[in-house]
Amino acid sequence: MSSSIVFQTAMYLVVLFALAWPLSRLLATALDGSLSSRFAFLGKSERALCKLMGINADEDMPWWRYALALLVFHLIGAVFVYAQQRLQGSLPFNPAHMGAVSPDSSFNTAISFLTNTNWQGYAGESTMSYFTQMLSLAAHNFMSAATGLAVAVALIRGFVRRKASGVGNAWLDLYRATVYILLPLSVVVAMFLVGQGVIQNFDGYKDVKLTETVTYQVPKTGADGQPVKDAKGNPVMVDTKTSTQTLPMGPVASQEAIKMLGTNGGGFFNANSAHPYENPTPLSNFVQMLSIFLIPAALVFMFGRWVGDARQGLTVLGAMTLLFVAMVGVEYWAEIHANPTLTHLGMSGLPGNMEGKETRFGIVASSLFTVITTAASCGAVNTMHDSLMPLGGLVPMWLIKLGEVVFGGVGAGLYGMLIYAILAVFLSGLMIGRTPEYLGKKIESFEMKMVAIAILVTPCLILGGTALAVMLDVGKAGMANPGAHGFSEVLYAFASSANNNGSAFAGLSANTPFYNLMLGIAMWFGRFTVIIPVLAIAGKLAAKPRLAQTSGTLPTHGPLFVMLLVGTVVIVGALTYIPALALGPVIEHLQLFGR
Amino acid sequence: MSTPNTASLIRPAFTLFVLLTIVTGLAYPLVVTGLGKALFPQAAAGSLIEQNGQTVASSLIGQSFSGPTYFWSRPSATAPQPDNGLASGGSNLGPTNPALKDAVKGRIDLIRGAHPDQTGPVPADLVTTSASGLDPHISPAAAAYQIHRIAKARGLSDEQVQLLVAANTDGPQWGLFGEPVVNVVKLNLALDGLKK
């Protein structure tokens, strides 16, 4: 029973909703300020903080000022993360003596972590000092997630407020999201993970005396330091022996917890959540999967409560769950079928496609994780996505391209889905010939323009970026796999960056100036050219009156609207991306199974 | 009321940034480290196994074995040596890549050659690389495939080796999560322990 995908998915959803429901209460009280008015010491420390920042605690920011505040905050962060990577060689907590990171990689990583993408062109265990991992990277896991929460809350305020000029106070929203929500949850999850075997220390890397000496081959280098080549031009290989294995150490669990809870996804190690020190057991894997969807699911419940109609939240949640379950089904079906090329050679077809998977997770927990991490904007992986079967790779790629609205990133999933809800209301309004309304707010031309920008920016970045990369030699040079799969690698990289996911078809050699720059740009605009239109919508809606429901109002709850919402998401996602997907995973599937 | 300008955002942004960086980037990991060391010292330090004062393994990190007297681990795609702790990662070979076919064919030939008594298909996990390159486990089927070879090489009965395999096999965690697995690192240490 434990290996049944139906049972595992059902158990996952039941536990998720059982935890998300109570959490949604905490979210609402923390973010609307009632928590700090109930507990005097919290209120006092908030007022002290406001004094220190030199701001008025009651300042209610108009949407553009709210957006500007977030931008200034993150620009400071970008400079800080860049500088710390460049200087890490002379900073403390660096037992492995990591030197400065290259300028283009530092730029890419700075953008990557502040935009909640956590795309990683580098390998953690051989690049980053403990100090960089904690102070720059883990800290940004918190701050970028807090930004997502803040924007989602600002949008909800837009629906709830009547004739108001502001959408909230960005500083207090960031502070409350981080300190009242992300931090306590992270401590709990981190401790659980340590109990399962995730490491948490500041020790130097440890040497292990191997049970059996390992013999391997390395290219021979001549006196000039260049590899020696034989008559045919192939490098000459020499046998080398080692009886030592060096184990990386570090403060992993603390980073792991917020990596999942903040839907960041940036691994401490190169292998991410496949690494036994990041994700040692099936139970730690389950808790990591729960952590990814926990806050996004709770936010949807909170949305319903905050707008005063729980059914609105349940409707959004229904649409998300429907898409999620369907995608889990396709992913699992693709992965239990072993690669026919390999079974012809004499490999067992059971349990399925094990290339790039860990034994302890098997097909079920790997498929589930793959869908969860790309439905949300997490991007942590417990499976190497590059080695998924063609359709098994199509599912995560498509989920990312939908804009990660199936539960989605912390905050980003909710505001992304509400953008689609506004679009669905607009389309239905056209069909029945009425002025569209959502939650009592009239949707007019300004809002629709902003919706269009938010929905169209990422496809432009993804398709434009991919087209450019496959036309240029520097872009093609990065592909590790031949044929259609190489194209998929590039397409996945741009999709993952522009939608701030961060997972990869990791064969792509992306730590080059070309990809570091291109993907850095995609991540920045993919994040903020969605956030700014969303805040603009929030501001415009907040200024409007809230209309009473009449018999002529299109209800935005119930099964009909669930289907309208799912339909809108699927049609936009399909129309935009089917041509590109046909060139990658679809062709590869036909090549593999078509003969 | 005059509109406050952008410059007025810099002080609060900077103050909040410094504060949150210290709280989440410094205080938080230090607190978790303290708690972790107090509550789960063995796990926090890497689940290391010591013998005669020497660290011989982590029960979580795979090692490469190729000799006739040991159970073989899953293939590892790490470079330059397999199961390199400093370079975790998978092969990233796509399903249609000829390099994948060649690699798997080579491994199948090697395994078939070493196990002439086995006629069925080769267990998939024995010829495919793991995601981390550090997978400490193989499937029970992959262990069963190798039992006779090890028993022969060590002069043991199949049953003796089978008992050791069973002792190092874990079912799904709590009966609910994951797959049944055999820990190759612990199993091989136990095999060496038998001799003494």
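Placed from the backbone N, Cα and C atoms, the Cβ positions cover glycine too.
Bear in mind that TrEMBL entries carry predicted annotations, made automatically and left uncurated.
Taken from TrEMBL as is:
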| type | residues | note |
| --- | --- | --- |
| TRANSMEM | A:63-83 | transmembrane segment |
| TRANSMEM | A:137-159 | transmembrane segment |
| TRANSMEM | A:179-199 | transmembrane segment |
| TRANSMEM | A:286-307 | transmembrane segment |
| TRANSMEM | A:313-334 | transmembrane segment |
| TRANSMEM | A:405-430 | transmembrane segment |
| TRANSMEM | A:451-472 | transmembrane segment |
| TRANSMEM | A:517-539 | transmembrane segment |
| TRANSMEM | A:560-587 | transmembrane segment |
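Between the transmembrane segment (A:405-430) and the transmembrane segment (A:286-307), three or more CB pairs separated by 6 or more residues in sequence fall under 8 Å, so the two stretches touch. The transmembrane segment (A:313-334) is in contact with the transmembrane segment (A:560-587), judged by 3+ CB-CB distances under 8 Å for residue pairs 6 or more apart in sequence. Among residues of the same chain six or more beyond the transmembrane segment (A:560-587), those with a C-beta under 8 A of the stretch's C-beta atoms are 315-316, 318-319, 322-323, 390-391, 393-394, 397-398, 401-403, 405, 417, 420-421, 423-424, 427-428, 455, 459, 462-463, 466, 484-485, 487-488, 491, 554. Within the chain carrying the transmembrane segment (A:517-539), a Cβ under 8 angstroms from the stretch's Cβ atoms is held by residues 62-64, 66-67, 70-71, 104, 107-108, 111-112, 115-117, 119, 121, 147, 151, 154-155, 157-158, 166-167, 412, 415-416, 419, 422, 446-447, 450-451, 453-454, 457-458, 461-462, 465, 468-469, 493-494, 497-500, 510, all 6 or more beyond its ends.
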